[in-house]
Amino acid sequence: MSEVRFVQVSKEFEDNNKGKFMAVKNADFTIRDKEFMVFVGPSGCGKTTSLRMIAGLERQTSGDIYIGDRIVNKAHPKDRDIAMVFQDYALYPHMTIRENMSFGLKNLKRPKSEIDEKVTEAARILSLETLLDRKPRELSGGQRQRVAVGRAIVRNPKVFLFDEPLSNLDAKLRVQMRIELSELHKRLGATIVYVTHDQVEAMTLGTRIVVMNQGEIQQIDTPEELYKNPKNMFVAGFIGSPPMNFVKGRLEGNTIQTAEHVFFVPEHMLSTYKAYQGKEVTLGIRPEDILNLEQLTVQPAHNIIEPVIKVVEHLGSEFLVYFSIGEETIVAKFNADYPVKAFTKQQLYVNMDKMTLFDPETQFRIS
Amino acid sequence: MIESSQSSGIKTKRFTWENTKQFFRDYGWCYAFILIPLILFVLFTVYPLVMAFIYSFQRYSVLGSEWIGLDNYKSLMNSSVFWTAMKNTLIYTAATVPVNILITLFLALMIFPLNNKSQTFFKAAFYLPGVTSGITMSLIWLWIFDPTGAGLLNAIFNLFGLDSVMWLANPDTALFSLILMTYLGAHGAGILLYLAAMGGIPKSLYEAADIDHAGWWSKLKNITWPLLKPTTLYLLVMGIISSFQVFEQAYVMTMGGPNLATTTIAYLIYDHAFQSFDFGLAAAESFVLGFIIIVISVIQFKFMSTDIEY
């Protein structure tokens, strides 16, 4: 069993500038056997600290960490049966690729034949056979990244840890490596813990995702659930590209009244929001749920707005359109077949069937 | 970039008086600045070097000079004193340089894990003796090696019931005494260089090694030591050059004695030049010494040079 479990784990750092601060607060979760778990969040949210605590490179201030059935609170990194791929790859610059990959096994005093066999096999999986006698500086970024993965594979650990491994690669290579990592996970059937600040990486790779902010876990769920049913405004705003739009308003009867518009709430949703009648709410709308009226075959009766378009960003197959509702800047994602011009008025339909309502005070989703 | 494109532009122009004037208007001040150190270099380095090279083929003394071809070099090769000095210098170099590098590395390894304040204290403490002049240091060591019980070393020996040793007066211990001085002497500069190099090794390499089951020794042997190779090479080359030129200690403490036991090549050059006033022979010795240092340095760079990139 290669399960990783955090039980009420906290980590406090002491910094000369900031003083004492909690990098991770009461983290409590289980990473299941063979799961690809992605930690995502903005810089300083505690995701890398969590990963380093699993690795044993940081010691938690309180709480217990389990790898398999064993508590590893005080275990040295080498005794945790983990392998890690670092953000800067951390390849030993003076060693050849072969030496880099076999260093761990040599330290374990494994027989040479076994080391050779494992290095050759890992090199074959990662297409590194021809590079084994080169030094890291002779390799491209993508190749170095593969070597770092190879060094992890040869050890055949219980858990693989990845610390933002694609952040130093260019966009094209990142997409390619993402696919390779996904295939590798299926092939190895290993438990992988992966840290990234890139929500696209998180959504495409993760079996489940841990969204963190300011040391606290916001939500742990599948990519689909995170997107469809975010627990709070942070998750809703972080997952999805571009992020969800938020508009302040008041729930009055079957409408949400904002500074400029009145939006009609679908009948079947009203019972859910009963407790918020007459109160302030925050309306959450995904960019793809705002539609160009021209592309609709049936003319809707309500929820049509006519803002002045401020900016149009062309992305090829689609484009992003920016406009304002009150003080909020709103972004909508349109199909490229229906072009829109900047500085013109445009009739748009807000699909309220897909809306999400949040409590503006607690920032939690109203459900 | 701008410079090179301008200069390449000038290259394509025809050589005319106007162009030359323009060139000096644009770049003349650069040459003016370079000229000052260049004149000093020619006057105080190149000229003496060339003259010394010429003297090495002459019987040159204060009374006059005479061209004798390779005679100075030939007599050097046949001189037992020269070979004794060469042997002493080689023993001194072999016994001081590697050991001192290891001592420096050991001290740097001890200091590196400390916090900033403690590091600064130890850096200063180890660097301070290096600021003191060699002559002053030699005088202090003269007291430490004092053959009577008043000397520090013998006082310690006597404390443990051991007999006093004639450190500098005994041919068997004199060279060793000079070597011992360096072991306990200034390692400050080397420590600073090693600490800077250690600080440049990415922390993630050690973390990767921790996960790769590397213990303390494996990390030192497989990561720290190889990645400090450029610094070690520098210390080795500089150490060998300076130990081949060792003079002050032998001059102040032993005058090359007893019985030539501490006569080094540099001391011999001094002795021939300023005691015997045989400048031609001294110049020949200087060039032999220079040649040996160049050969050793080239060999070291060839076998130890590295181009590590993180």
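Sequential numbering from 1, following the chain as shown.
Using N, Cα and C of the backbone, Cβ positions are placed for all residues, glycine too.
The annotation domain 'ABC transmembrane type-1' is assigned in TrEMBL to B:86-300.
Residues annotated as transmembrane segment in TrEMBL: B:29-55 (among others).
If you look at the transmembrane segment (B:90-112), the same-chain residues 6 or more away from its ends with a CB under 8 A from one of its CBs are 118-119, 122-123, 126, 175, 178-179, 182-183, 187, 190-191, 194-195, 198-199, 220, 224, 228, 232, 235-236, 239-240, 243-244, 246, 264. Taken from TrEMBL, the feature transmembrane segment covers B:90-112 (among others).
Taken from TrEMBL, the feature transmembrane segment covers B:124-144 (among others).
Summarising the annotation, TrEMBL assigns transmembrane segment to B:174-196 (among others). Here the transmembrane segment (B:174-196) has long-range neighbours at 88, 91-92, 95-96, 99-101, 103-105, 107-108, 111-112, 119, 122-123, 126-130, 137-138, 141, 145, 167-168, 228, 231, 234-235, 243, 246, 249-250, 253-254, 257-258, 261-262, meaning same-chain residues at least 6 beyond its ends whose C-beta is under 8 angstroms from one of its own.
Residues annotated as transmembrane segment in TrEMBL: B:227-244 (among others).
As annotated by TrEMBL, transmembrane segment applies to B:282-301 (among others). Among residues of the same chain six or more beyond the transmembrane segment (B:282-301), those with a C-beta under 8 A of the stretch's C-beta atoms are 52-53, 55-56, 60, 72-73, 76, 82, 233, 236-237, 240-241, 244-245, 265-266, 268-270, 272-273.
The list of residues near the transmembrane segment (B:227-244) in space but at least 6 beyond its ends in sequence, with Cβ under 8 angstroms from a Cβ of it, reads 89, 92-93, 96-98, 100-101, 104-105, 182, 190, 193-194, 196-198, 201, 205, 265-266, 289, 292-293, 296-297, 300-301, 304-306, 308.
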